[in-house]
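Q: What TrEMBL records for this protein is below:
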- B:23-121: domain 'Cytochrome oxidase subunit II transmembrane region profile' (DOMAIN)
- B:41-69: transmembrane segment (TRANSMEM)
- B:90-111: transmembrane segment (TRANSMEM)
- B:126-239: domain 'Cytochrome oxidase subunit II copper A binding' (DOMAIN)
- B:252-339: domain 'Cytochrome c' (DOMAIN)
């Protein structure tokens, strides 16, 4: 049996992402990786919480944060999570075109989120002079939110690369796990954002 | 079988011998010779835990030695296949439950001692003495806020009562440790201020160490705790309060030294009541046990120190100070006559003094 | 592709083969050699420390250099010696023990190794570029965040890179054990070494990210002006301690659990008995791993967390003694009624029991929060952790190496030389460290560059130094044994110890595809079961068929080298922004390799059934 026969069976299985051993390994391994990422973000959250009171001047969470923008960002990211679910739904139905379409929408929403975040940072730095170096709160804030932003950026690169790479050849058992775990990653980013939204912005505004 | 045991025995005998030779360490330094409430309490705790642990160790070793002697493969047994035991429920329960019980026995005094040493009630009730301790690279500042006096390196406390220490650091983390009086506590930079108390039973001069790596001269950041009777302590306090930083020294050399000191040293070193500065407070320098906590207290050493402190305490902040040899002599004369109190480390009963 | 069997011709080809290999057995060799080399460097640093402390008022090395020495000794031994050596064993043994042909992610396996190696090299380059890190292996802020020079920068970048490698390795073993066990190899039939590897990998997965974050914060503070640990800007130095120990305490179990597993296999094999209380042993391992995350603050009793926190962490710390005790007793009762053969592997295992029991005892004593106010940061602590790390991990590594050497290299290490190496090391170890308990209580803090005449510490320190040299002799004998064995000893049989687990059903050393046919596991100690029923080998679970194998790749090497180069860039951009070019070049190489990996399909190749039959017994 050649690789082509194995990876492009006549009837695609229902869970193409877990049909091969490699796929299963990627699936389990990626969940493990997300476990580690959880500890990573937990540590960043802990650090942020310990330092969020160490502000300098008027640049406190209450004064800085604007919930309107953050709400829009949250909506963008939540919706993108949903669209990536659609994409996976179409993957399981072996409809490659629709999967690509929904992944494209996901990427666009993610770009929108990232644009807002860049605007937000730009705004803080230039309007308020609130930077990474201005206080321990600043360091904690930019590190936590920035790590998340970095994850979003990486996720966008990842999904886009997968879409381009497989544009011509369509879905098979070799790339299905790759699509699947990239969408897992995207969900994870979304969950982290929900925590950032709550802990950093909401609590910052209220507390 | 004799081979195994035979080889171990000399090691054992040797270790015991070594312990006898070494004893329990030097008076006034060793945690094994407690001279204060904290150290005493903690030694008791150590003994309890050691006793429990020794019991466990003896049991383990008894089984271990028995098994080794009894079940070692002998000639002609190469093909013997032992019974493949899966386990034994009751045995396993025994060696789970007994350790749990033993640990509970240890946990109770542990928790008691932990709370006891953090107990600050007496302080609020009777207004005990408070000393603000500040760790610095590589020296200690002691401030008595209620008495409005300051000193460095030698901490004077009265015996028989609790002296509360409010502890912080001006730079990196240090740890304040006087093994024969109490356990240690870190001094942190910033707002993480810590509190502990000292209660010395007997008069004496006790060694103190910095116990948290704080830079090159970490091992040289020694200090002393001078425990004196309450009368002597009161005497010392009033002597310290009466120090006049402007007082003119008697000898001509010391007079010049005072001038040189005011020109070159006052930027960092204070005489009289002061907060922790860049350098140690020198109010009662003439009464110190040691120069910089480590050198014998005499003029030659002081001159050498002033000329090149880095040679004795690498990385300290006094490095690179420029005074002439002559000025250093004069400054030394000035500093050595700052001995305003009758109560000195030498006057302490039964102390190992300036050793 | 039938260039399946790599042709090894000449040194160049061999080096290329090792640089590109994704075979877990060769990666094990790499880990062993690299870890062994770092072990020797760390040992040399230890000897220098002991010479400095041999007598009072010593000036053998300067105070500054001394701090670099202790920092690098600790960092090297933990991250660059003990962990890689453990990874060497895991790589060599775990796939064989579960009946797998390789690990789940052979490519990542190779990446993990090269990241570790380049991280370790980066760290050690600091010796030649103006000073190694000098803030202790614990690297407490603000001493570390304000340490002048670039030493601590090397610590941060080196450990970040090496740590990423470890994390990848951990995930790899988790997935391997979850997904790639042979038919019949249920969880409760896995050999203890596999079990402890599994739990260790869980610990790595959840512990290392905390270090990653700590290192990032330290990096940002030192290189980009953030204020995490800078109290003048509202930072808090204690955060580092928490993050470090949230990683650091599980790290202790990461070091000890795998050798617990190795000891279990060794006690069982050389007593010719099934492991006593197998399920209790598994349970104890899981429990130790779990509790390992609940006790980090016992390293911080004197930080001022308050009596409530101290008490809670004291009690949870003591609790760990229970599962550890269960293990000790189960080992003793594995030997009970057995037929004990004093091979060298067994000798190290036997030496471990009293040693580790003492280490465990002092561990409980240290866990008693208030008493720790006296022990903390003294030589008592130094003695304690050497009793567990040397007496546990290093003894375990020696035991395991003697045990599995035939599986790794095809030859049994010379037993006479093995005995000859054990005794000086064992005696030297106790001479070095036993006395240190007392030195600590007699008032000697750890990390002290010197002590004074008249403090009563001279005799103890002298004895300790003598012991250290005995340990060095023991190590040299072992090294000699390795060379001697390679030259003089005959090829080993498949099963030199009358083993019980799957790896002993394979030739020593196994062919590169491990199992010609995936084995069928019929119980705990599968090989033993077959032997007891009079069979020669393991029953296969599948007919002979094509074997799918992964291709080798140079990319892991290039990716790691990219990060290595970028590391230098980050360290020196503080002095000169032009160094950002190095960052760009390094990260460029890294990402280019990564994209190559994702864009170029790597499907591996098949070894054909016919080739396997030709090979007859499956030997290369």
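Each residue, glycine too, has its Cβ placed from N, Cα and C.
Are these features on the surface or tucked inside, and what touches them?
A: Long-range contacts of the transmembrane segment (B:90-111) within its own chain (CB-CB distance under 8 A, at least 6 residues past either end) are made by residues 44-45, 48-49, 52, 55-56.
Note on the domain 'Cytochrome oxidase subunit II copper A binding' (B:126-239): mean pLDDT across this stretch is 94.
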Q: List the helix, strand and coil residue totals of the domain 'Cytochrome oxidase subunit II copper A binding' (B:126-239) as derived from DSSP.
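A: So the counts come to 14 helix, 56 strand, 44 coil.
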Q: For the domain 'Cytochrome c' (B:252-339), what does DSSP give as the number of helix, strand and coil residues?
A: 40 helix, 4 strand, 44 coil
Q: In the domain 'Cytochrome oxidase subunit II transmembrane region profile' (B:23-121), how many residues does DSSP call helix, how many strand, and how many coil?
A: 65 helix, 2 strand, 32 coil
